[in-house]
Amino acid sequence: MKIKIDHIAKIEGHAGFVADIVDGNVVKARLNLYEGARLLEGILQGRSHNEVSQITSRICGVCPVVHNLTSLKALEAALGIFPSEQTILLRRLMMMGQILNSHALHLFFFSLSDFFGIKNDLALIKKYPGRAADALVLRDFGNKTIEIIGGRSIHPLTPIVGGFTKAPDKEKLKEIEKASVKALASAVSLAKFFSSLKYPLFNRECDFVALSLPDEYAIYDGLVKRQKETEPVGEFMPQIQEFQVKENPAAKRSEFKGKPFMVGALARLNLNAKYLNPKAKSLFRETDLILPIGNPFYNILAQAIEMVDCVEETQLFLEKARDIDFESVQSHPFEPKAGKGFGAIEAPRGTLFYYYEVGEDGLIKNVNIITPTAQNLARLEEDMISYLPQLTNGGKALCKEECEDLIKMLIRAYDPCLTCATH
Amino acid sequence: MSNKKPSIAIVSLTCCEGCQVAILDLGERLLELTEKIKIGDFALIEDRAEPENYDVVFVEGTPITSQNVARVKDLRARTKLLVTIGACACLGGIAELKNYQNKEQRLRYVYKNFEGIANPDIRPVRYYVKVDLEIPGCPINKEEFLWAAKELIAGVIPKIPQRPVCYECQLKRNECLLQKGEPCLGPMILGGCGAPCPSSAYPCDGCRGPLKGAAINNFNNKLKEVYGFSQQEIDLIMQRFGMLDDMYPSPPVIPKNKIIKK
């Protein structure tokens, strides 16, 4: 039996899926990415440290902020520059906006329709106007947070090596503080709604990877935690083995010590749930889920809980950010020097890794970028190998369309970003 | 156009899809617009088969794979109007940087096994098919898109006013970055973006491409002579969104007596 889905809509980028099943065993399961290769790491060679973070934000229109900021972090590590506490605070605020706007898009517009067999979001909006409004409130809130600090929500402008070109308008920061009350209510209402949905059954063992800190739900900084082991970013990233598959060479896959692993909201929840803010934590406790959660479909619910956490976190950060002026976040002139640096941030879809080697002239010598989806692809394909038999011959076999819909649903649950994966 | 609801598509080739996201961020105004039209393909929000013909197709992204090229040619054959949106489709975008480099070396740098990975020179969509309107920007200005989309749906091809970025920048009363000595391309770049970059103290780097008939050589020389930038610095900026080749089919000739030695 062959399963072939030519086009999977409602994900970021273009992909299809193929699987071969022989005597009930899946011999092949592959997500085929149809993105062209833009050779991002290649085209950055020989370009200036002051522009590459603008170019890498163009890897992804859904998560440009995290590409921009992770690139800056790796450059700062290479150049030996330490941004101010206030700069980091504003960046962390931008990251909250990034996770909120991306999760809102994924939860409502990409994944929700799968629970009801609806193929068109306009119909979904008519069916659930209240939830649609919640999603739009959160998307808008995330966008505004980024825009006020970054100058623009898609491809932000103000973050530069060492700081910002401009400080956010204090009045506008107050506006987000006000808007956060409504955003929190929307996030809670969406999280309750996603808790009430029925998730497909599927359990598997899996290694989870996320940034981790001893006392907070790590997003902007941390050590890399894999199961119970932690390592600094600069030691973990070089151990990620990237490889290509012959039939779909442009999108790299990744393994760690010969095993696929999962990054993203579910990984973060599994590893760091005890550090969620109070509202998010109590909502999580109200679900009957027991850690670690093995079912990848719950990545959707994990994102919904994270949205609550992000709004709570935004409120805490905004309180501290009230007095930020340009002096405290401006970048000071520096002479470029040769160096190597790593950087990682938790992107909406999982840990994003950057590595730069900068030459004495300030131009980029070597680059590597490992995106969350490039890490998750191998894990997703392995999931399919164990999930498909459940659909095709476990008990009563599902009809073709039902089977295809569940495959698409699992793919979407990972929230893959194929333009990131290929880049 | 007939009384039937016009049918439109928003299609991505290879890119970051930020322009589609910008359209989605029109939020309720996008919903209002969709009452008046039939959306045939908007992969970010729906999953169903396409209609045979379109009234307007919006294309974002760069043709890189052979499927990208085939897709845009097929859409051209089935639509009345084809509109490109964003720097990738209109100029080549960041993917075009490799045109100015050794692209084979770049491919080998990224991939150990490069067999079967398309690596063409990057060209804007207009190189492959006839384009009725270009809405540039990285990303597009969603307000400008909404304005143009309404006109297009009514069957009119709008004209983007040939005004420089400085026009909108001055209306916003921003401090002039060029005068401060930053390499801002505002004077020679097509406005309509709302000048978000200079408003964020970030010099215009030309994502909307040059104004028609802009005196590019003069401006280039000014950046060198008055502001002291090197040609390499200027080239890096002008390459960023792929406009360097559009402006200079051959390298600019600078009269020798105008070069000031440092």
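Cβ coordinates are placed from backbone N, Cα and C, and glycine is handled just like the others.
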Of the candidates A:Cys403, A:Cys417, the one that TrEMBL places in the Ni(2+) site of A:Cys60, A:Cys63: A:Cys417
According to TrEMBL, which candidate in A:His7, A:His103, A:His332, A:His423 joins A:Glu41, A:Ile369 at the Mg(2+) site: A:His423
Pairwise CA distance, A:Ile369 (Mg(2+) binding site) versus A:Cys420 (Fe cation binding site), rounded so that it is a whole Å: 10
Cα-nearest neighbour of A:Cys420 (Fe cation binding site) within the listed binding-site residues, A:Glu41, A:Cys60, A:Cys63: A:Cys60
For A:Ile369 (Mg(2+) binding site): DSSP state (helix, strand, coil): strand
Cα-Cα distance linking A:His423 (Mg(2+) binding site) and A:Cys63 (Ni(2+) binding site), given in Å to the nearest integer: 13
A:Cys417 (Ni(2+) binding site) to A:His423 (Mg(2+) binding site) - Cα separation in whole Å: 10
Neighbour count (Cβ, 10 Å) for A:Cys420 (Fe cation binding site): 27
Inter-residue Cα distance where the pair is A:Cys60 (Ni(2+) binding site) and A:His423 (Mg(2+) binding site), in Å: 8
Distance [Cα-Cα, Å, rounded] between A:Cys60 (Ni(2+) binding site) and A:Glu41 (Mg(2+) binding site): 14
Neighbourhood of A:Glu41 (Mg(2+) binding site) by C-beta distance under 8 A, where only residues 6 or more apart in the same chain count: A:Val367, A:Asn368, A:Ile369, A:His423
